[in-house]
Amino acid sequence: MDQKNNNLFQKAIEEVFAVSFSKYAKYIIQDRALPDLRDGLKPVQRRILYGMFQMGLKPTTPYKKSARAVGEIMGKYHPHGDSSIYDAIIRMSQSWKNNWTTVSIHGNNGSVDGDNAAAMRYTETRLSLYGFELLKDIDKKLVSFINNFDDSEKEPTVLPTLLPNLFINGASGIAAGYATNIAPHNTNELLDSLCLRIDQPNCELKQILKIVKGPDFPTGGNVYFEKSLSDIYQAGKGKFIIQAKYEVNKNLNQIEITQIPYETLKANIVKQIEEIIFDNKLSAIESVIDSSDRNGIRIIIKHKDFLPAEKIMAFLFKHTQLQVNFNLNNTVIANRFPIQIGLLSYLDHFLKFCHELIINKAKYELELASKRLEIILGLIKAISIIDKIIKLIRSAVDKSDAREKLIDNFKFTFNQAEAIVSLRLYQLTNTDIFELNQEQNELEKTVISSEQLIASEKARNKLLKKQFEGYKKQFHQQRRSQICGFINQKKVEESELIENKTYGVLITKAGNYHKFESNQLLKSTTDFKSESDTIIFAQTIANTDQIFIVTSLGNIINIPVYKLAFNSKNKLASLVSKKPILLEYETIVFVGTMNSVNQPILVLTSKLGMVKRIDLTKLNIKPLKATLCISLRDKDHLVSAFLQQDDKLICLVSDHNYYTVFHTNEIPLISSKGMGVKGMKLKLEDQIKFVVAFEANEPLVMICSDGSVINLKQTELVVVSRMATAKKLPVKKAINYCFSDATNTQLINFQGKNGSKLITTSELNQMSKTAISQTRFNKLN
């Protein structure tokens with residue numbers, strides 16, 4: 001219960017909140033966010049147009065500073081901040097947002113790229129011809145006026161327009177519990193549909209839709225729909241799909257985009273295509289160039305000829321704003337309440353409003369004409385007895401006495417007598433009776449036509465059709481958007497987007513890569529220079545193939561070759577990039593190709609001597625997603641991985657030159673989450689440095705830190721069981737590299753300060769110790 005004390009009210013917060021919010025919600029629904037069905041304007045837009053009209057900013061008058069208009073509108077009609085008013089003015093002036101702009105701006109009013117308009121102190125504004133037409137005859141009492149926010153001015157509740165502006169320019173807005181999104185339509189089609197509705201008040205929607213083809217957006221584009229047009233326009237709700245319009249130049253392998261979807265930013269579309277090129281999501285696209293100018297939009301996409309332009313565009317429609325959805329929702333204010341309105345209902349409501357305007361105008365003109373006709377008839381009568389009138393006026397004591405005598409003696413009405421005595425005698429005697437008779441005839445015609453318009457719906461319909469035909473000529477509009485019917489989205493398989501070509505791919509331990517022409521494999525490998533990184537994979541491979549990498553953190557990652565960006569220059573890209581495949585501290589241990597599925601067993605070895613085998617076919621490996629293939633303890637990481645064909649010997653070599661050799665089949669097959677088993681007993685502070693898989697007849701080649709090369713035959717090595725006591729190698733120096741080679745022809749990468757060189761084992765044996773000691777080596781797969 002309310003308690004009143006010293007003009008204070010105590011109420012429960014939930015009661016205050018409910019009442020206050022409901023009032024606020026009603027206000028923003030009725031007076032802020034939703035357009036009026038009749039003139040298609042929100043309150044701020046209506047106040048802007050009326051404020052400019054009151055300032056005399058007509059299409060034929062000079063521009064005035066936007067800041068001045070904003071101040072006038074804010075001070076008299078819309079006290080909600082200058083930025084909201086100026087933003088609305090700018091939007092009302094943008095030809096890519098409206099079929100017909102209601103405001104004209106002199107200066108920078110933004111761009112289709114989303115650039116901001118110049119500040120209001122720099123731009124100038126006035127009403128456009130279309131905007132002025134919305135206000136036509138507003139001073140003839142066609143619409144009602146209400147007090148402004150401080151009761152110091154009057155403002156119209158609606159503009160007296162005979163143009164169906166709601167559907168011509170569309171509208172969008174969000175209120176409490178309501179939202180609206182009305183599509184722009186073609187002016188000529190709407191006016192023709194109104195004429196049809198006048199001629200055939202009971203016509204069906206399908207007849208209207210033969211005229212109104214669908215939305216017509218200022219930026220054009222191809223328009224599709226999922227439900228039928230009749231369902232969408234019957235309910236006033238539905239979804240349109242807008243696609244960019246493009247042309248194909250097959251000779252130049254170019255796609256030229258000439259129209260973009262409504263409410264999208266050209267710069268964002270270009271950026272999205274550039275990101276697709278940068279991320280190598282579609283290798284068929286070579287470049288995108290924005291060549292747009294004042295003559296229109298022109299985005300040029302250069303592409304390779306292996307993929308048709310239609311499939312490229314199908315991909316871009318899916319992954320960029322070259323295709324967007326427009327969710328139609330015709331929510332408007334009608335009779336102070338929000339309703340969702342279909343096309344037929346809108347035409348009927350609007351025609352009813354037009355009839356009200358015509359009747360109000362006819363009443364206004366009838367009143368003026370009747371009053372003037374009364375005066376003219378009195379003047380004509382006075383001229384016919386001018387001598388008596390003059391004599392009577394001269395005998396009168398004053399003006400009121402003369403007026404009374406005219407009424408009493410000659411039966412003039414009060415208004416007629418007032419008009420006569422208000423004239424000077426020379427005006428009365430010199431008045432041309434012919435001109436008065438002519439004006440009488442015109443006024444009588446006006447009275448008759450006004451009375452006819454008030455009384456006859458048929459007469460009003462005739463006038464409306466004439467007005468609509470005039471608007472069709474004055475605001476003639478060619479259709480910009482093409483209505484293409486039901487959407488039939490072309491499905492493009494990923495395999496179709498991949499260029500069937502062989503490339504060279506080079507991958508380093510640190511996660512850098514280079515994709516190049518296949519004939520440049522040797523050059524790219526030998527040109528590689530790095531003091532801290534090492535090549536571990538250099539191979540020609542089909543673009544349609546896939547590689548997988550095993551990392552030091554125990555992850556296995558599948559990478560489609562086409563996802564690797566091509567670079568004609570000898571420049572490395574990184575897998576630790578904007579969208580990282582590897583973590584910054586993660587390195588690559590092994591690289592294989594997915595065509596090795598016939599060798600699905602992967603053998604893994606960690607720094608702390610843990611070994612395991614894993615079946616690749618049982619892993620759910622997804623492209624570009626890390627899949628765990630071994631669990632690692634703290635401070636442990638993978639040092640080796642290789643694919644097992646048959647049972648081989650595996651040699652684990654430690655930092656302290658201990659080794660153990662056993663058969664790979666002794667290593668158990670373990671699930672991806674398993675840590676594996678001990679492969680070698682390590683002494684304190686020792687760790688695995690090299691892992692070599694080899695056949696029984698293959699020698700081990702060891703490169704020592706002093707540059708010496710040692711070949712150990714299998715007979716010199718002790719083959720034991722896994723976890724047997726490690727043996728000491730007959731080598732005193734630290735081992736820099738270790739590999740197997742039975743033929744002395746194994747290619748290894750000789751990497752020095754001045755670049756890289758591919759050499760065989762036999763060539764290695766002929767090098768000096770000094771040269772060998774200053775280089776790094778690695779076997780290439």
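Numbering starts at 1 and runs along the chain as displayed.
Note: Cβ is positioned from N, Cα and C throughout, glycine not excepted.
Listed features, source Swiss-Prot:
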- Tyr122: active site, O-(5'-phospho-DNA)-tyrosine intermediate (ACT_SITE)
- 34-497: domain 'Topo IIA-type catalytic' (DOMAIN)
- Lys42: site 'Interaction with DNA' (SITE)
- His78: site 'Interaction with DNA' (SITE)
- His80: site 'Interaction with DNA' (SITE)
- Arg91: site 'Interaction with DNA' (SITE)
- Lys97: site 'Interaction with DNA' (SITE)
- Arg121: site 'Transition state stabilizer' (SITE)
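Of the recorded residues, His80 (site 'Interaction with DNA') and Arg91 (site 'Interaction with DNA') place their C-alpha atoms 17 Å from one another. Checking Cα-Cα distances from Lys97 (site 'Interaction with DNA') against the recorded positions (Lys42, His78, Arg91, Arg121, Tyr122) with a 10 Å cut-off leaves Arg91, in sequence order. Lys42 (site 'Interaction with DNA') sits 25 Å from Arg121 (site 'Transition state stabilizer'), taking the CA atoms of both as reference points. Shown are the recorded sites Lys42, His78, His80, Arg91, Lys97; of these, the residue with the fewest other Cβ atoms within 10 Å is His80.
In the three-state DSSP assignment, the secondary structure recorded for Lys97 (site 'Interaction with DNA') is coil. Once Cβ contacts within 10 Å are tallied over all protein chains shown, the recorded positions Arg121, Tyr122 are led by Tyr122. The secondary structure of His78 (site 'Interaction with DNA'), as reduced to three states from DSSP, is coil rather than helix or strand.
The average per-residue pLDDT of the prediction over the domain 'Topo IIA-type catalytic' (34-497) is 94, rounded to a whole number.
Cα of His78 (site 'Interaction with DNA') to Cα of Arg91 (site 'Interaction with DNA'): a span of 17 Å. DSSP assigns Arg91 (site 'Interaction with DNA') to a helical segment in the three-state reduction.
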